[in-house]
Amino acid sequence: MMYALYLSAYHERKFWFSNRQELEREITFQGDSAIYYSYYKDMLKAPSFERGVYELTHNNKTVSLKTINAVQQMSLYPELIASVLYQATGSNEIIEPVYFYIGIVFGLQGIYVTALFVTSWLMSGTWLAGMLTVAWFIINRVDTTRIEYSIPLRENWALPYFACQVAALTGYLKSNLNTYGERFCYLLMSASTYTFMMMWEYSHYLLFLQAISLFLLDSFSLEQSDKVHEVYKIYIFSLFLGYLLQFENSALLVSPLLSLVVALMLAKCLQVKKGTFIAKIMKVINFYLVCTLTVTLNIIMKMFVPHKEHGHMLKFLEVKFGLNMTKNFTMNWLLCQESLQAPSRAFFLRLTQSSVLPFYTLVLIICFFSMLQVIFRRINGKSLKETVTLEDGRIGERPEIIYHVIHTILLGSLAMVIEGLKYLWTPYVCMLAAFGVCSPELWMTLFKWLRLRTVHPVLLALILSMAVPTIIGLSLWKEFFPRLMTELTELQEFYDPDTVELMTWIKRQAPVAAVFAGSPQLMGAIKLCTGWMVTSLPLYNDDDLLKRNENIYQIYSKRSAEDIYKILTSYKTNYLIVEDAICNEVGTTRGCRVKDLLDIANGHVVCEEGDKLTYSKYGRFCHEVKINYSPYVNYFTRVYWNRSYFVYKINTVISFQS
């Protein structure tokens, strides 16, 4: 609760939110966040919930010449739930819609850190680990969450449920859990898995990594297979229930998660009694069989289940890993996004300065090598102890620890390639590091390897498990607590008068049926603040919208007035908005500016040796149209401008002037 209140106070200070008019508040929602919040507003304006859902599932008032199922395409279940809660609880008489909406998200973040707290506590046996986890999470929140940059993001709604699922799974895998505790963990895991899948369209990929971790855990017989296969049943149930309730979402049927789980279920039939030589051979065959079946089933499902192939994602990965080269604007634009590049040195420096990365590395190394010891012991036919004591110094025999080691390695591998995925990995870095330094078993495992004899190892392990986290906590308090308090006392200001003036002009002067064209980020703000129809949206999971974005971005290329006019009229555009910040962009790395990427895609510059240069006899459109000379004035009439935006009306009747 305190973390949720902290986020609320920080948000208030950052945007001076309570002193803003509604329009100024809405402008703080940037990019795709504006789209999500706009649909929440639409639901509140609808005469009934059923009518609101129908209008969203048959939406033809957002993108021109396009009817979309916004609920399915944009995973708007959080907005549906928030709108129902707002009206059903009578909150409309107490609190404004925007405060209710962001309050729910901040509350979920409180649940997020609570789940991490519980997970670390379950693994270490002490609440100190939970406190240290939360402290590291908040101190490193620039790298653990994107909540302060973009509140309505799907991951901010979904990841708290995933954290609850991981906490329940951690408890479920523990060997000494009683029947009631096991049943509670199973029910919590089932509910959170399904909810997580409903909240985020990419959730099944994260669950796929989790399923791989459980498969490896089961392969080495580090836990009873029955428990792991019960988790597989939860996956199947959640996938098919999600398929039915997400308007028969075929993406879930062709997901690698379903193929893997079905392959694991089929391979279970070939398992042989443990402890025999044939069983060891069958383990290897079983591993190969699961991998082969997974790929085969996925290919078969894609052949027979109609689905929308995200071709741009595959092309992006090919270019990302150097398997292909492209001049395509969309691919190169995605590659230039900071969140899709490799992590920067600053990221590792921040984690090191807060001390979480060094301790995480130490804990991971100890747990990993202890796990390898257990695996080799199993290969040699030695049985595992039913109850591992502190004196044994075998932290690698605990199944929940092995699961987390495998899972964090998989998440970390992805985070090393794409920086945006660090938000999936870093919270568990905080949790695993805190668990390790607070766990006597981990210190005992280390002392067993070092053959410590001068001091009683058990006593020293108990002392270190309390002393080390205490020292870390005091140093973090001394260094970072004043900074957190300073953030809450500093009154920042979000000042964007040009955008406010633009939105005000649109609401007062533009016809209700008008269609606007411009950058996708600005179109999201226009949809939210005015409700007017736009030609494109800041969404990157739809090939048609990506193509629209590329076509509209041509207003910043060296194309003729006639070409731009044909593109805009093909989408029934009435008004064009040119942004000075994009047209005169100088801040970003050369080669990653929008106009540079357009010149490369259109062949107006040489980007590689051997490429042909296509000379353009036209100047850059966004510059030329401002000069007001023929032929630009024949197609476009400037109707509004300020320091940042130039609005042009698309002429329906073209009069050519000399």
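Positions of Cβ are set from backbone N, Cα and C atoms, glycine also.
So that you can see what the record holds, here are the features copied from TrEMBL:
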type	residues	note
TRANSMEM	98-115	transmembrane segment
TRANSMEM	121-139	transmembrane segment
TRANSMEM	205-222	transmembrane segment
TRANSMEM	234-267	transmembrane segment
TRANSMEM	287-305	transmembrane segment
TRANSMEM	357-376	transmembrane segment
TRANSMEM	401-418	transmembrane segment
TRANSMEM	424-446	transmembrane segment
TRANSMEM	458-477	transmembrane segment
Residues sitting near the transmembrane segment (287-305): Cβ under 8 Å, six or more positions beyond its termini, same chain?
215, 219, 250, 253-254, 256, 258-260, 262-264, 266-267, 270
Is the transmembrane segment (234-267) in contact with the transmembrane segment (121-139), using three or more Cβ pairs under 8 angstroms as the rule and ignoring pairs under 6 apart in sequence?
no
Tertiary contacts of the transmembrane segment (205-222) (same chain, 6+ residues out, Cβ under 8 Å):
162, 166, 169, 173, 193, 196-197, 228-229, 231-232, 235, 255-257, 260-261, 264, 274, 283, 286-287, 290, 374-375, 378, 384, 397, 399, 402-403, 406-407, 410-411, 414, 424
